[in-house]
Structures are given as structure tokens and as C-alpha cells.
Ligand SMILES: [Zn+2]
């Protein structure tokens, strides 16, 4: 990536430009190799100088920043000349400079330069603190200091084009886009004008405090290929809509691969260096030969390659040869396109259709600790730093490991060889077929080869070199199952549980899918640094340690459940996703939704006593209802052409895809019945094995299964029914009037005043499923069985299998509430939870009143089951968040205290005065609720209990008396009621924790303290990777924001350092949007809304990446909160006051 920053002075007439060249490798450690140069206009040395930097990039895989400072004292040119010189220079020397920041104001030079560098995302600290960085920044500072400082120009004229400069904050750069903008910037209009350096295009973004000046320019390559310079000298001042002018001209400017070449197989050899080189860099080298066939005539080879330094063969980046009789055309030239991650080969003649060729590359890449592609993970064992080379290819990182056709439909067979240090073990997707000692380049090595993979997608590849050890078992069909982890973890038996459940879960799926496991081995490996929870690489599944390792003494029931469900989720993908793969990322929801649904089936098979299938209500259905009820939601399914760039792809990994996908597939399975669903699934998997599909292929096979099942009838095709759920966003609320039997439905919106601007071809008239398979096909319907009177009640959506909410007439609500208070067990556990959740949300949407919702919690003093309690606490949590800074909080607390007290006493009895563990799986969870809520509301005996446990632990750190199930709650409460002594003890225990889940509990609990200075100190720790691991930074900030004292501190912290956080921590898609969600959760005042909007505005130039949607949602939610608090505060205060006495 190349970014340019121009700091300039329009006051004088600049003649000389100082070029500062920075580049940074990992953002942790900046290295400045070359910094200062003085060149005059149109000096050829400019390119040489810049090219020098570019070569360094390729050597060091860095992001390159050019900082151009204009020295006004010697200048002769005006500002426009300056822009021209600058753009010409970039144009002449580069293809890939896409962004240019112009910094106008020079008022506080020292600070600005710091900000420049911040804006360019190089450094975050102030210049004085960058002691280790050679003299270069200091020289840059003093050079800028010596300039005459200009006024900010308000208007810039280039030819006929006038650019109005907004009243820029001196610290905010004006961004100039030098590449055609993304096609999704719908509000951009162009004015084009020939001003002698190609075509200048001015774009104004409607909302913007930014003016984007886009410069489209003809590429030399096009000329070389004999294409006319279309429009390059045409001038027009007519505004042209973006859609017509921004279509990329060249195949390599598109993000998608052309359809002319298809890979067949690869031979890939990789050699990761687990020791740094002389420059302190961790590298890997490798070579790859890909056999591909030509299916459409072309004289171009376009293949993905990103951040790889490719070796030169006679001036080209690759070698091409023909396979069999085919003769390879000569290569005319090769080049890299940084923006679209392509290596392009222009051939002198066309490839022959039907012929196959071999493309050979040699490359070097950085084994960075960026958690992307082939990367480096570090951990300490017995005081010794260890390095692991591991990988994460999904979605677009295989191209960062070796040149490849990196799209899911480009399946191929991979023959993998890994060179690695003796004493380490190499793993990949296939079983190891041989290992041999060798000496390469004078280095004694071990060479491991692997069996060829099945035909598979690049995003499922995995390569790992470590000194991990394993435990293993063999299934009856000779399937080898292994669990890999750090030696210590394995020796402590932490892999045993995973090994015990992996086999049964695989067997379950073989039966469920009616298809044998397609590979000869199943490896699961626990990694110290891992961005996602786990990744379903085919045959070599990678996990965070907390998602795989279970310590029978130290881990809680919740840890165990997570391990079971994550393994079940990943193994479900071995067939659904890996064997049969969706064509493109727009259908990600089907892949992830499916695995998120059947993980409950797999886990239930492994742990039948847990009733885990019920928990989908809490973990997915209710969770996604909250998001999908917003006007900013989006449909599950997107059109293929809407998802192109890596950023768009990574945005697909969201709650809607996972949890709504799971919820609607569960609904589908329930109304088709599980045997029919499984039958359709099996025929789908068998038909498309080793191939690719689109989501409608699954509907076809399910429809076929319906057809082949005697007596099975559904009122519409699977297509028609499911389209209503996948092509329109949101879900309905079904209203049943038991006085008349009428049933109506409408789109449920949490904020009834919100406006849905996303069109739906169905106008949100969804086809819902109703109780006992009553099909609701229209917006309104009547059903005689729904008409009841007297004591009779109606409860719809039994088993909560439908993806919708239910409302009733008031009489029926009253009857349901009275049933709850007299005999709540007449309703199933999940229906009790559903009544609470529906009522609270209907009240939020102003469909019923708030006190009706609150009344659903009155029976809780008799409730002992977990799921209804959890549902209530999550809903009441909203009241706590909205009111814990107001006078309502006192009454709310007394009410909760009254309701929780019986549960607390119940568990005290069940556990024989807290000495035993409750037997039921979910009872163990509810005990945690009881203690947590009892302590926070001040139930007698709770705080004393917690304090004494924690005190005992502090006195003898090696024998912790707190049961693992209760640790999170106890630690949090103890720290909330404790001071620095308790905190520092927790920190010491955190640093010494050998079990990841124990570290996680402590990390979360340390955010519970009420002392602002401890919270601020902790916030500082989050951005120091020696204190808090990079993968944990954003979640730690979120924990702090969860605390009423920590929230404003975290918000200030994040605002002040957004560009740094974004650059360094913005990659994990979930964690990053969670950060924004977490911090803004409590926002409920006009002032906070304004702050949020200003935050968005101020950071448009930095961007929000995968948090973009979350930020929009935060603004929407804050507005809704403001309204809700205004309307409800008085009623709520009154109700809690009355009910708490
Ligand atoms: Zn998944």
C-alpha cells in the first residue's frame, strides 16, 4: 500500500519540494530508512528516489508513506502548479498511489506533523516520545518549523473547477483520491475538465466535510497495448453520475478474477523462519507452480498476490510454460496491482483455449504478527519465547502467502511441502506423507510433504509450524483425530475433552448428512494468537485456546459448552462449506448460518444431558432479533455484484449472517421436519461434492425432498417461502386477537418511527409459520382456534421455531401473565423466555406499554430455570443501562433485589451453603446469575461471601477456593467492591495465568473496579501489546465501557486515538464492530448523540472499516434510547417504586 501525504504552503510560490519518505512495517515498530531529499520540479531523480523506497517496500513488505513538504521560501509555483507537479510525479512514478492527504494549516507545526503522521496512520505518540526512531522525524520537524506558515486557502481554482475548502480543522487532512472511487459511493458526482495533465475529476460527497478530488489518468500500459486514449483529452463540465464514469477500464482494476483461466493444481513449498533476520524481520520464502487451464482466449494472466516480494526471471515476476503439447506464449511484461491484489502478466500472444500451462513463482513474504495469511504467533513457555508460524486464509489472505487464484470457486488440488527447523512439526490440510532431514542454503532442515488435498478452495488452506505436541485417537473407519496444543497444555490434559467429543461429533454429522467424512484426518489445533474464535480449514481446524482447551480443574461449565459448540460448528463446515462451497462471499450467510444452526445438533449429540438445543433461543434468535429489528438492518442475502472488495467481504461476517441464518434455517428444518430437511441436505451435499453452489441450489434439493416425501405438504415452494426471509430484512410481529380469532402481521421495528428505505419486493408481507403449522400467507387472516374466552389462553410460536415475535390482545396477555404467576411450568422453558423477550421488545416498539413488559418479570420470584431468567436479565439490562446514571436506579435495584433474593436462597440451599456444584447444566449458569445479581443489588450475605472467597485466594494464591463456574462473577464483584490491592493481585494472577480462560476472566473482571484511575491505567494497558495481547485489546476496552464508571473514560480514550486503534486493531471484523457497540450501549442523551455524530464526522478520513455498520446502528440506537427514556422514565420509576415495596 502506498499513501502520500502532502503538507503544503500556498502562501509563497514553492519551487522546491522536500520529499520525506517514511515507511513502517508493523505498526508497533517503525523503521525509517530514508527520509530527506531535496528535488526540484520535473527532476528525474524524483522517480529514482521514490523507486528506491518502493523496492524497499517489496523487501520489507511495508506500507510506504511519502510525506511531501513544500518549502515556501524558495518557491516559484502557485498552489495549483504544486498540485500538478505532485500529481504528475505520482503518476509518472507509480500506478498505485490511491490516496493523498493534503494538510493545509501550519499553525502548530510540531503538533501538525505529529497529526500528519497520525493521519497517515504511522505513529500515534507525540514526536518527543519517538526516541528510537533515528533523527529523521526530528529533522522533518525542524524543516517544517523553518517554513513561513500560510493561511488556509478558502477557494482553489483549477481551470474552471472551483474547490471550496471547508473550514478545516487544522488537524484534518483534505483527502484526495487518485484512483477511481469505489462504485458504492453513491453520492458522488463528477465534474471533469481537461487541465493539461490528463483528466481532473472533482467529486463532492454530499454529507461531507471532505472534498474529494479524484484524478483519473490514462495508464501507460493501455497505450502500450495500442488502446486509444478514450476521453483522456475530452473535456466536459457537465456533471456525470458516478455509475457511468467510474467503471474500471482494465481487467486488473476489477476486484474479481476474469473467467478465462481455471486452476487445476498447485505445488506449493513454504519455508517460514522462526528466527528474525539481521534486520529483525521474520520472513518466509517459498515457491509455487500452479497448473491452470485456459477456458476463454486471453493474452493476460491475472492471479492474486498481495504483499509478496516476487523474484525476477529475466525481468518478469513469473515464469510460464506449457503443459503437454501446449506452448506458452512469451511474456511481454508483468506488474503488480496493489489495490486489487493482482499479479498481471501481459503475454505477447494469446493462451489457447483448452490448453494447460504452468505458472511458476518464487517469493518472499513477511511472517508478521498480523493474524492474516501466513503469520507469526508468539507465546512464552517456561520463560522462553516461542514462535509459531500459522495461518488464517479466510477470506482473502491466501494471496498473502503465495500467488493463487484466491476466490472460493477457484477450487484446486494442493500439493504442499514445508521446510522447517528440526525439532518442529509441520502441519497442513492433508496427512503428512513423508519427512526427511535436509540441508538447504547451508541450513539443516526438516522437509515435510503432505498428501494432495481434495479439490478445495484457497480460503480453507492451512500451514502451521510449531513445536506443539498432540494427543490422538483413531475412529473405526481409520480416521485419524488429533488435538494439538502447547506442550504444557497437552501435558496438563487440556486437550482431552476436545479429543473425547471430536469423534462423536464427526460421527453424528456423517449420519446427519448421510455422507462420510471426506478426509483421512481431522486435526484441531489451539493457537495462542488467533483473531476469530476458530477457523474451519479443511482437515486442520484452528482455534483460539479458549475454544479448544478445557482444564477439568480450572475451566467452567460455560468454557466446556463453548468448546463443544465451537468444535461442532467447525466440524459442520467440513461438509457444508468445505466439501460443498458457496460460489461467492455474498452467500456467506448460508454457510455460517447453517453451521451456527447445526452446531446445536452436533453438541447435543456429544452432550445429551445439557438440553443445549434450547439455548439457540438466547444465543442466536434473541440476539439477532435485536439487530434485525432496526431500520439499518439488511437482508440475509446480497447480490453477488454487491460484494467485491476485501472490506465488503469482511463485512459479511456479522450477526445477521450467523444468527439470523441459523434462526431461519432452524425454522425451515422445523416446518419441513428434520428427516425431510436432512434428506434434502444430503442430496445437496452429494450432488455438489467438491464443487460450488449458490443458495438456491439448497432450496431446490429441499424442495425435491418435500416432493419425494409422501404426505408432506407445504403451501408454497421452499423458494417462495424462504425468499421472504432471506431477501427482505427484518422479521414480522404476528398479532393474535383472541376475541375475534384474527391474525395480522407486520414488519417489526424496534423504533416505530424509523424509516426503512431499503425496498422490499415483498413489502414485508412475509409468509410466516404459525402454531401447529397454521400458515399465515397474507397480511391478515382469521383462525377460529385462536378465538378463546374465559380462562383459556393462546400461546403462539410454540418451541419458538418461527423467526417472528408475537403479540396478543390485552385479555390474552393478562391470562398468560396470570398463568405464569400461578403455574408457570404449564409453559415450556423457552416459551417463558419468549414471553418475556417479546413483551419487552413490543414495549420498546410501543406496541404494548412498558408496564405490561415489566409485569412479565413479576413471576420470576418463583422461577428457577435459567433461560427465562437470562432472558429477563438481558432485557432488564437495558433498563439498567438507561437508568444507572439516574434517580430511577434506586427503585430498580430494590425491585431486582426482591426478585433475585429467593433464587439466591434457593442456590444457597441446593449447594449446601455454597459448598457443592448444582447438578443441572443450566442450573450452574443460573447460580451465576443469582450470585451476580444478588451482589450487585446488595442481597444480604452476598458481598461478604464474595469478599471472603477472594480474600482467601489473595492469602494463598496457589489454592484458589472459588469454583471455576463462579470465578467471573466473583472476581468482578470482588474487584468492584475492592481497591488497588485487589486489582493488582488480579493483574499478577492474569500475567501468571497459564489457562487462557482464566486469563480471560481476570481480564474482564479487572474492568469492574469503580476507581477511575485504575480504569484509566487499564485503558492505557490495552494498547500496549506487552501487557494486553493485540487480539484482546478491543474487547478489553469494551469491558471497561460496560462499567458505568468506565464508560465515559473508554469513550474519551477511543475518540482520542481512533486513527491509531483503527489502523492497529481494526482488522478483526467482529471485535471491531463490538467495540463501537460496546462503548455506545448506554448512550441516551442528546449530548451523547451529538458527540457520536461528531466522532463520525471527524474520522471520516480515517474510516471505520468493519465498524461502519455498527456506527450507523449506534447513531440509530442512541436516537431511539433518547426517545425511550423521555417517554418512559416517569412510568418506570413509578412502577419500580410501587413494586419494590
Ligand atoms: Zn463458521
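Each Cβ is built from the backbone N, Cα and C atoms, and glycine gets one as well.
On a predicted model such as this, the values are computed, not experimentally measured, just so you know.
Together with 569, 573, the Zn(2+) site in TrEMBL holds one more listed residue from 561, 592, which is 592. When TrEMBL is compared with the stretches 192-221, 222-251, 252-281, 282-311, the one noted as region 'Disordered' is 222-251.
Same-chain residues at least 6 positions away in sequence with a Cβ under 8 Å from that of residue 658 (site 'Transition state stabilizer') are, in sequence order, 589, 592, 593, 596, 620, 624. Taking the domain 'AP complex mu/sigma subunit' (1-130) as a whole, pLDDT averages 37 in the prediction. Under the DSSP three-state reduction, residue 658 (site 'Transition state stabilizer') is assigned to helix.
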